[in-house]
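Working notes, beginning with the structure itself.
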């Protein structure tokens, strides 16, 4: 069974997720991520999403946590015009690989967000681990810290008798 699951997982990872296949929460998360990316001051050109590598939404008591991995490519438009349909992807434009962690509350209120889109050549292993830690913080946004049990949270040890 395990032999079948590994090739299936590799195939699904290579195929990716189309934008049409995203849930409503995932589409909203992608929209929030693109808005956040284009607000960033160093970004001067508009970027367009070219593919969604993975998309997961998880319900929590405070809202829905959406984790997205997607790719962006530079367009011929300036960043203020990023929503315009006439913005076409530049064939040799810069490419970015993004990780977005968005926590949506009731009525799509954004409780927390993390959008990290380094240029594809700058992706480092240590940076990915750091981003995962920040992503977990976004995942817990708006949640009651006492509503979850974490192993070791209530660990006690019996003291040795005094001799």
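Just so you know, glycine gets a Cβ as well, placed from its N, Cα and C.
Taken straight from Swiss-Prot:
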type     : residues : note
DISULFID : 77-87    : disulfide bond
DISULFID : 98-117   : disulfide bond
DISULFID : 101-135  : disulfide bond
SIGNAL   : 1-20     : signal peptide
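Here the features listed in Swiss-Prot are placed on the structure.
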| residue | record | Cβ neighbours (10 Å) |
| --- | --- | --- |
| 77 | disulfide bond | 18 |
| 87 | disulfide bond | 18 |
| 98 | disulfide bond | 21 |
| 101 | disulfide bond | 24 |
| 117 | disulfide bond | 21 |
| 135 | disulfide bond | 18 |
From disulfide-bonded residues 77, 87, 135, the one whose Cα lies nearest residue 98 (disulfide bond): 135
Candidate disulfide-bonded residues 101, 117, 135, pick with smallest Cα gap to residue 87 (disulfide bond): 117
Between residue 101 (disulfide bond) and residue 77 (disulfide bond), the C-alpha gap once rounded to whole angstrom: 26
DSSP state at residue 77 (disulfide bond), helix/strand/coil: strand
Distance from residue 117 (disulfide bond) back to residue 77 (disulfide bond), taken between C-alpha atoms, in Å: 18
Residue 135 (disulfide bond) and residue 117 (disulfide bond), Cα-Cα, nearest whole angstrom: 13
Three-state secondary structure, residue 101 (disulfide bond) (per DSSP): strand
